[in-house]
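For reference, TrEMBL has these:
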DOMAIN    39-288  domain 'G-protein coupled receptors family 1 profile'
TRANSMEM  20-48  transmembrane segment
TRANSMEM  69-93  transmembrane segment
TRANSMEM  99-118  transmembrane segment
TRANSMEM  138-156  transmembrane segment
TRANSMEM  198-224  transmembrane segment
TRANSMEM  236-258  transmembrane segment
TRANSMEM  270-290  transmembrane segment
Amino acid sequence: MSNHTRVTHFILRGFSDAPLLRLVVIPFFLLVYTFGLLGNISIITAVMRDSRLHSPMYFFLKNLSFLDMCYTSATIPKAMVISFTGSGVISYIECVAQLYIFITLSATECFLLTAMAYDRFLAILRPLLYGTIMSQKCRAEMVASAWASGAIYSAFHTFNTFSLPYCGPNIVEHFFCDIPPVMRLSCTDYHLNEEVGFAVSSCIVMSSFALTVLSYVGIVSTVVRIPSVDGRRKAFSTCSSHLTTVILFYGTGSFMYLRPASRYSPTQGRLASIFYSVLTPSLNPVVYCLRNKDMKFALQKLYCRRKY
């Protein structure tokens, strides 16, 4: 370290290295980002205004929509500016802050999805006690715990990543500061930090995923025992949207993080990140509205006031 100058800034590559491809990429991501913002704002507004949606399930959905808005806003605006101007310079402190915010939001979403799975578990297995157990205080505590856990989890990974020395090169092969592409730039051996981070992620994230799976095992075993076909279809329809979101979130996120940073591929990393940090949060409003009659009615009531 005595013979090297510590990095004071990084350079982000943006969505694409090809100048011509940027002309297509920028409008596409602007459209996706705007669509996601409008969709999530619509869900939050509909849940707050429609008294029929003042239930635990929609309380969690409202918080998930707010989280998704923050999630996409942490990366897309900066990436679009970089792609448009061609200047991907980001200061060391800004890179630390972006990584911390992004990991906080992604971890919080992971924990919130687990809370939503438990909510559906109680609604189907304990319908008579559901309203008592899932009180307003309990819901608020679960959401607050998800945010607090996400912040603590992110603090560990941020420290684990930036405790390494960075002396150059400083070009991040990604459109935002993320753990694998940043860690690869360290001028010392980063494998110990990588292994520690992988172990912590595996324990915490996989535990959260395991709880979600256990909730759905209980849900499926209960739904299968319902005698009528309509009853089974109605019970499972309340979980299908959440299950789709869980599959998209864990499927794309595990592809990015459950492998060593030394095997990080810039192209594959960008594609995987686009799915779990851009498309999945932006498509959640569509996923939750397609098979939810109450949400459809609330949105129609919100945007077609004269008709109602």
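Cβ from N, Cα, C; glycine included.
Annotations in TrEMBL come from automatic prediction, not curation.
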Tertiary contacts of the transmembrane segment (69-93) (same chain, 6+ residues out, Cβ under 8 Å): 7-16, 19, 22, 25-26, 29-30, 32-33, 36-37, 40-41, 101-102, 105-106, 109, 166, 172, 175-177, 277-278, 281-282
Beyond the flanks of the transmembrane segment (99-118) by at least 6 residues, Cβ under 8 Å: 57, 60-61, 63-64, 67-68, 70-71, 74-75, 142-143, 145-147, 149-151, 153-155, 157-158, 161-162, 176-179, 182, 204-205, 208-209, 211-212, 215-216, 242, 245-246, 249, 253, 276-277, 281
Local confidence of the prediction over the domain 'G-protein coupled receptors family 1 profile' (39-288), expressed as mean pLDDT: 86
